[in-house]
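Novice: Reproduced below are the annotations present in TrEMBL:
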type     : residues                                                       : note
ACT_SITE : His235                                                         : active site
BINDING  : Asp239, Gly240, Asn241, Gly242, Arg243, Thr244, Gly245, Arg246 : ATP binding site
DOMAIN   : 160-292                                                        : domain 'Fido'
Amino acid sequence: MKISKKIINGKEYIYAIDSIYVAKGHTILKNKSLGRADKVKDISIKKKDFYEDILNEETKSRTSYWTKFASTKFKKYVFVEKIELLRSKLFRGKESVGEIAKTAMNTAFMVDFIFNSNTIEGSKVPRERVEEIVKERNFANDEVNNTIKAIYFVENKFKFNKASIKKLHDILLKHEPSNLGFRKEKVVVGNMDVLDWQVISKELDNLLVWYKEASQNTYPPELAFLFYYKFERIHPFKDGNGRTGRLIMNRILKEHRYHPIIIWNKRRKAHLGAFRTYLEGKDENYLKFMSDQLEKTYEIYLEKIEKAFNLDAQMKYFLEPSEYNY
């Protein structure tokens with residue numbers, strides 16, 4: 001939101017200006033008069049009212065637009081409007097907190113993502129250690145260090161081709177050289193058979209062709225969830241498939257201006273169960289589970305923003321007795 005002033009008939013008026021991003025090439029510009037400068041007593045109230053109007057219109061516009069691209073089965077189990085409301089709140093919340101707070105929030109997300117994504121796969125590195133490594137860039141732990149490097153690669157250099165997928169996995173599991181490269185053996189994951197290793201290259205080609213086409217006409221969260229499932233079904237590597245798939249899933253979300261998500265370790269069993277039932281042709285559990293993880297991630301980070309900028313909490317902090325040491 002930006003504030004500008006206009007002179008109309010010799011009088012100065014205050015205007016609030018903002019934009020609503022709906023989709024690539026579809027942005028709505030909004031502006032509203034907050035009143036004459038000499039008569040506005042509390043501009044913060046008027047700005048808040050404008051913010052609420054923008055939030056409601058953004059949610060409505062994005063829901064209307066993207067519902068057309070969500071499949072019938074997705075809309076049957078998932079509330080697109082809820083996702084869009086949380087998405088708009090989170091994006092606007094991050095925009096309002098300033099660069100320092102945004103950096104802190106991004107750091108916190110990286111810690112949460114690395115800890116949960118790696119712990120799901122059996123990592124024993126505690127969250128406190130992950131936080132220390134991320135905050136201080138302490139590169140003593142190869143597992144966490146390589147995940148940080150993989151996040152940078154997927155966000156800045158990744159392309160949707162087999163070479164990039166392999167490169168991402170090479171970075172992520174650099175500390176496990178015996179697990180690098182596409183697998184050449186049969187594996188079983190959680191009592192579930194995955195595709196034969198001899199069809200991996202062909203199936204990855206098919207997945208990438210599917211993604212290129214689907215990205216033009218599929219609701220982005222559904223697109224990301226489906227890519228994740230299809231990638232895990234192929235299971236191209238001996239180890240690290242889940243971690244690699246989640247990184248690419250989040251790349252898809254960010255590419256379409258959705259905040260990345262976390263598959264929370266506390267829901268590990270439900271995560272595996274959702275995959276198992278989807279493999280059996282029952283898509284309800286998987287779509288509900290994935291949308292729930294998105295919603296939970298967004299709600300958790302919205303709560304962090306609200307707590308960080310709660311006036312009472314800040315007042316309490318600043319009113320603590322000050323000490324002068326010499």
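Heads up, the Cβ atoms here are built off N, Cα and C, so glycines get one too.
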Novice: Taking only same-chain residues 6+ apart in sequence, whose CB is under 8 Å from that of Gly245 (ATP binding site), what do you get?
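Specialist: Sequence-distant Cβ neighbours: Phe227, Tyr228, Phe231, Glu232.
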Novice: For the recorded ATP site, enumerate neighbouring residues of the same chain (Cβ within 8 Å of the Cβ centroid of Asp239, Gly240, Asn241, Gly242, Arg243, Thr244, Gly245, Arg246, site residues themselves excluded), in sequence order.
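Specialist: Same chain, not in Asp239, Gly240, Asn241, Gly242, Arg243, Thr244, Gly245, Arg246, Cβ within 8 Å: Glu121, His169, Leu172, Glu232, Phe237, Leu247.
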Novice: Just counting, how many other CB atoms are there within 10 A of the CB of Thr244 (ATP binding site)?
Specialist: 24
Novice: Within 10 Å of the Cβ of His235 (active site), how many other Cβ atoms can be counted across all chains shown?
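Specialist: There are 22 of them.
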Novice: Which residues of the same chain, at least 6 positions away in sequence, have a Cβ lying under 8 Å from the Cβ of Gly242 (ATP binding site)?
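Specialist: Result: Ser117, Ile120, Glu121, Glu232.
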Novice: Compute the average pLDDT of the predicted model within the domain 'Fido' (160-292).
Specialist: 93
Novice: Provide, as an integer number of angstrom, the distance between the C-alpha atoms of Arg243 (ATP binding site) and His235 (active site).
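Specialist: The Cα atom of Arg243 (ATP binding site) is 11 Å away from the Cα atom of His235 (active site).
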Novice: In sequence order, which residues at least six apart in the same chain have a CB under 8 Å from the CB of Arg246 (ATP binding site)?
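Specialist: Spatial neighbours, sequence-distant, of Arg246 (ATP binding site): Ser117, Tyr228, Ile263.
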Novice: Measuring Cα to Cα, how far is the residue listed as 'active site' from Asn241 (ATP binding site) in Å?
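Specialist: A Cα-Cα distance of 6 Å.
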Novice: Compile a sequence-ordered list of residues in the same chain as Asp239 (ATP binding site), six or more apart from it, whose Cβ lies below 8 A from its Cβ; state 'none' when nothing qualifies.
Specialist: Glu121, Leu173, Glu176, Asn179
Novice: How does the domain 'Fido' (160-292) divide up by DSSP, counting helix, then strand, then coil residues?
Specialist: 86 helix, 6 strand, 41 coil
Novice: If I restrict to non-local contacts, at least six residues apart, and a C-beta distance under 8 angstroms, what lies near Gly240 (ATP binding site) in its own chain?
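Specialist: Once residues fewer than 6 apart are set aside, Gly240 (ATP binding site) is near Glu121, His169, Leu172, Leu173, Glu176, Asn179.
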